[in-house]
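Okay, so here's the structure we're looking at.
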Amino acid sequence: MEKWNHTSNDFILLGLLPPNQTGIFLLCLIILIFFLASVGNSAMIHLIHVDPRLHTPMYFLLSQLSLMDLMYISTTVPKMAYNFLSGQKGISFLGCGVQSFFFLTMACSEGLLLTSMAYDRYLAICHSLYYPIRMSKMMCVKMIGGSWTLGSINSLAHTVFALHIPYCRSRAIDHFFCDVPAMLLLACTDTWVYEYMVFVSTSLFLLFPFIGITSSCGRVLFAVYHMHSKEGRKKAFTTISTHLTVVIFYYAPFVYTYLRPRNLRSPAEDKILAVFYTILTPMLNPIIYSLRNKEVLGAMRRVFGIFSFLKE
């Protein structure tokens, strides 16, 4: 029996899972994914921290990606699981704001960080002689700090606006977390100006970085094609193809969701697409970056004593 005990200031999250055995099975699957994502990203952060061979700009950026993914999935899954198991779909006004802030911060910051990682690979492969100068430790810190700062500022602006618009009597958000576009459907005022700002924000933090990433990857692939060293060509292609896989899996559903007009969106489709960038991507990223990377596998063998059958 579902209990919807809530005050007039609370929101209701209608959720993702049906209240039956299928929902229980899917929840168990999501909890397993959450566990794998937590272990995988925590292990990646630990490896990069303790292994001196991974103390390079590329892996420093990768450790930040793992941290963002860890916070990303922790923002949505625990609350979704608690609501499903307890039957209480409510979330407080403040809790909704906090969840929305962290979700948007991770979303924007990760998009900018992926752009920084693509730029790092572009410099390493296309301008290897100047790489130590252009990609210094200070530059790496600035890129990471800029990603977090810009993501937080953008998130704060969206969250403050979403919490200050007047809402109608119904406060049932047809989503499994406090997604701002889903919250706007409950507004009692015209939100076309804000929807336009969402479009602009999505373009600045997702679409334009995606175009920049694909452009730099194209330059890298062109340079890789003209490499004389077969081993170097293989290593460079593996690195860039791995990053492209992560980028496409993250950006495609995000851009498709947030750049569509309201009349072309459906809550059911938005929730399914959100599963990709809030649940699946944080689990897949450490797997993709580790299984195709000999240096990471070697670090696992040295630090954790696993994969000892693999040669570095």
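Heads up, the Cβ atoms here are built off N, Cα and C, so glycines get one too.
Per Swiss-Prot, the feature disulfide bond maps to CYS96-CYS188; the stated evidence is sequence analysis. Counting only same-chain residues at least 6 apart in sequence, those with a Cβ under 8 Å from the Cβ of CYS188 (disulfide bond) are PRO166, TYR167, CYS168.
The annotation N-linked glycosylation site is assigned in Swiss-Prot to ASN5 (among others) on the grounds of sequence analysis.
Per Swiss-Prot, N-linked glycosylation site is recorded for ASN20 (among others), and the stated evidence type is sequence analysis. In this structure, ASN20 (N-linked glycosylation site) belongs to neither helix nor strand by DSSP; it is coil.
The topological domain 'Extracellular' annotation in Swiss-Prot covers 1-24 (among others).
The topological domain 'Cytoplasmic' annotation in Swiss-Prot covers 49-56 (among others). Under 8 Å from some Cβ of the topological domain 'Cytoplasmic' (49-56) lie the Cβ atoms of residues 63, 295-296, 298-299, 302-303, all in the same chain and six or more residues away from its ends.
The topological domain 'Extracellular' annotation in Swiss-Prot covers 79-99 (among others).
Residues belonging to the topological domain 'Cytoplasmic' (120-138) score a mean pLDDT of 89 in the model. Feature annotation from Swiss-Prot assigns topological domain 'Cytoplasmic' to 120-138 (among others); the stated evidence is sequence analysis.
Away from its own ends, the topological domain 'Extracellular' (158-194) comes close to residues 6, 10-17, 75-76, 79-80, 91, 93, 96-97, 99-101, 103-104, 201, 258, 262, 265, 267, 270-271, 274, 278 of its chain (Cβ-Cβ under 8 Å, at least six residues beyond either end). According to Swiss-Prot, the feature topological domain 'Extracellular' maps to 158-194 (among others).
Residues or ranges marked as topological domain 'Cytoplasmic' in Swiss-Prot: 219-235 (among others). Remark: secondary structure over the topological domain 'Cytoplasmic' (219-235) totals 13 helix, 0 strand, 4 coil, with classes taken from DSSP.
Annotated topological domain 'Extracellular' per Swiss-Prot: 259-271 (among others), in sequence order, evidence recorded as sequence analysis.
Swiss-Prot lists 292-312 (among others) with the feature topological domain 'Cytoplasmic', giving sequence analysis as the kind of evidence.
The annotation transmembrane segment is assigned in Swiss-Prot to 25-48 (among others) on the grounds of sequence analysis. If one looks beyond the transmembrane segment (25-48) by at least 6 residues along the same chain, the residues whose Cβ comes under 8 Å of a Cβ in the stretch are 16-17, 54-55, 59-60, 62-63, 66-67, 69-70, 73-74, 77-78, 80-81, 84-85, 279-280, 282-283, 285-287, 289-290, 296, 299-300, 303-304.
Distant neighbours of the transmembrane segment (57-78): 30-31, 34, 37-38, 40-42, 44-45, 48-49, 99, 102-103, 106-107, 109-110, 113-114, 116-117, 120-121, 124, 135, 137, 139-140, 143-144, 147, 176-177, 278-279, 281-283, 285-286, 289, 295; these residues of the same chain sit at least 6 beyond its ends, with a Cβ under 8 Å from one of its Cβ atoms. Taken from Swiss-Prot, the feature transmembrane segment covers 57-78 (among others).
Per Swiss-Prot, transmembrane segment is recorded for 100-119 (among others).
Annotation comment: Swiss-Prot describes 139-157 (among others) as transmembrane segment.
Swiss-Prot lists 195-218 (among others) with the feature transmembrane segment, giving sequence analysis as the kind of evidence.
Counting residues 6+ beyond its ends, the topological domain 'Extracellular' (259-271) has Cβ neighbours under 8 Å at 16, 174-176, 179, 181-182, 185, 195, 199, 202-203, 207 in the same chain. Same-chain residues lying 6+ beyond the ends of the topological domain 'Cytoplasmic' (219-235) with a Cβ under 8 Å from its Cβ atoms: 121-122, 125-126. Two recorded stretches are said to be in contact when at least 3 C-beta pairs lie under 8 angstroms, sequence spacing 6 or more; the transmembrane segment (236-258) and the transmembrane segment (139-157) fall short of this definition.
Counted within 10 Å of its Cβ, the other Cβ atoms near ASN20 (N-linked glycosylation site) come to 8, all protein chains included.
Here ASN20 (N-linked glycosylation site) is positioned 26 angstrom away from CYS96 (disulfide bond), judged by their C-alpha atoms.
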